[in-house]
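K.L.:
My questions all concern the structure below.
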Amino acid sequence: MTTHRLFTGSLTALVTPFRDGKLDEAAFRGHVAWQIENGTHGLVPVGTTGESPTLTHDEHKQVVAWCIAEARGKVPVVAGAGSNNTAEAIDLARHAEEAGADGLLVVTPYYNKPTQEGLYQHFKAINDAVGIPILIYNIPGRSVIDMSVDTMKRLSELKNITGVKDATANVARVSLQREAMGPEFNQLSGEDATALGFMAHGGHGCISVTANVAPKLCSEFQEACLRGDYKAALAIQDRLMPLHTALFVETNPSPAKYGLSILGRMSEETRLPLVPVTEATKRQMRAAMVHAGLINA
């Protein structure tokens with residue numbers, strides 16, 4: 001790992017708006033601008049929350065380009081570039097670098113279940129193909145495999161592997177990874193509900209789903225954690241916890257898109273096989289947003 005910029009604070013795992021089955025460029029650009037206006041520290045397009053599995057390659061690349069253009073260098077853009085096909089991941093990674101992304105988020109390959117050596121070789125191939133920071137996205141709940149700390153340590157010795165989005169929800173992993181890779185290994189939480197503990201263990205920030213709906217509160221939460229004011233962070237956590245929960249009672253990002261539709265930011269439309277949320281989830285989302293102070297009762 002060479003010295004690269006450290007991504008810190010609240011980085012929003014951006015949803016991808018659709019209208020009538022097509023990408024909604026105006027809504028997406030508006031969402032990016034609104035995120036920046038509300039203090040978001042970074043943007044992560046076309047990850048899990050961005051419905052990357054149902055985007056074509058051209059759409060994927062278009063969303064990355066829109067994000068970089070709309071961000072205008074005000075905050076870093078860490079572009080999703082994951083695939084269970086190494087050649088495809090390299091293509092997406094090279095495009096993101098050429099488009100001006102500040103970093104890459106690369107998920108562990110899903111479905112084909114590589115061994116730890118296969119994980120190493122997959123990420124090494126991507127590392128060798130680009131020259132910008134790569135964050136490993138370790139999310140065993142979706143990819144089925146869990147990258148070991150030993151494999152992550154090997155990867156951290158490569159020039160561009162600079163950190164991890166850890167969505168294991170196991171805060172002990174932060175300390176284990178910190179011990180193995182050192183405090184400069186860029187550790188970002190991938191679980192909003194456990195981000196408080198993650199930060200206390202030495203994390204640098206969170207790639208947040210909740211920040212789609214509550215960007216200002218999420219950025220204030222992260223700023224409190226980064227300055228060591230956990231009393232203030234806990235107060236914000238108490239406001240956000242019902243929302244953290246509601247956003248995952250059905251498959252992400254359907255609840256987030258419903259929340260954004262309440263705020264008038266975009267349609268709640270998703271692409272199959274994802275579907276809009278149920279009436280029960282709508283009620284839970286509304287109640288959580290009232291609790292957080294995002295809408296009136």
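The backbone N, Cα and C atoms fix where each Cβ goes, glycine too.
Look at TrEMBL and you will find THR48, TYR111 tagged as site 'Part of a proton relay during catalysis'. Per TrEMBL, the feature pyruvate binding site maps to THR49, ILE207. Residues or ranges marked as active site, proton donor/acceptor in TrEMBL: TYR137. According to TrEMBL, the feature active site, schiff-base intermediate with substrate maps to LYS165.
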K.L.:
Around the C-beta of THR49 (pyruvate binding site), how many further C-beta atoms are within 10 angstroms, looking at every protein chain?
P.N.:
24
K.L.:
Looking at the recorded positions listed here (THR48, THR49, TYR111, LYS165), whose Cα lies nearest to that of TYR137 (active site, proton donor/acceptor)?
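P.N.:
It is LYS165, whose Cα lies nearest.
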K.L.:
Quick one: what's DSSP say for the residue listed as 'active site, schiff-base intermediate with substrate', helix, strand or coil?
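P.N.:
Its secondary structure by DSSP: strand.
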K.L.:
Can you name the recorded positions among THR48, TYR111, LYS165 whose CA is within 10 A of the CA of ILE207 (pyruvate binding site)?
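P.N.:
Close recorded positions: LYS165.
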K.L.:
For the residue listed as 'active site, schiff-base intermediate with substrate', which residues of its chain lie six or more apart in sequence with Cβ-Cβ distance below 8 Å?
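P.N.:
Counting only residues 6 or more apart in sequence, the Cβ neighbours of the residue listed as 'active site, schiff-base intermediate with substrate' under 8 Å are LEU105, LEU135, ILE136, TYR137, ASN138, ILE139, LEU188, SER189, GLY190, ILE207.
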K.L.:
List every residue in the same chain as TYR111 (site 'Part of a proton relay during catalysis'), at least 6 positions away in sequence, whose Cβ is under 8 Å from its Cβ.
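P.N.:
The answer is ASN84, VAL144.
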K.L.:
Counting every protein chain present, what is the number of Cβ atoms, excluding its own, within 10 Å of the Cβ of ILE207 (pyruvate binding site)?
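P.N.:
Other Cβ atoms found within 10 Å: 29.
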K.L.:
Tell me which residues of the chain lie with their Cβ under 8 angstroms from that of THR48 (site 'Part of a proton relay during catalysis'), as long as they are six or more apart in sequence?
P.N.:
ALA13, VAL107, ILE139, ARG142, ASN252, PRO253
K.L.:
What three-state class does DSSP give ILE207 (pyruvate binding site)?
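P.N.:
Reduced to three states, the DSSP call for ILE207 (pyruvate binding site) is strand.
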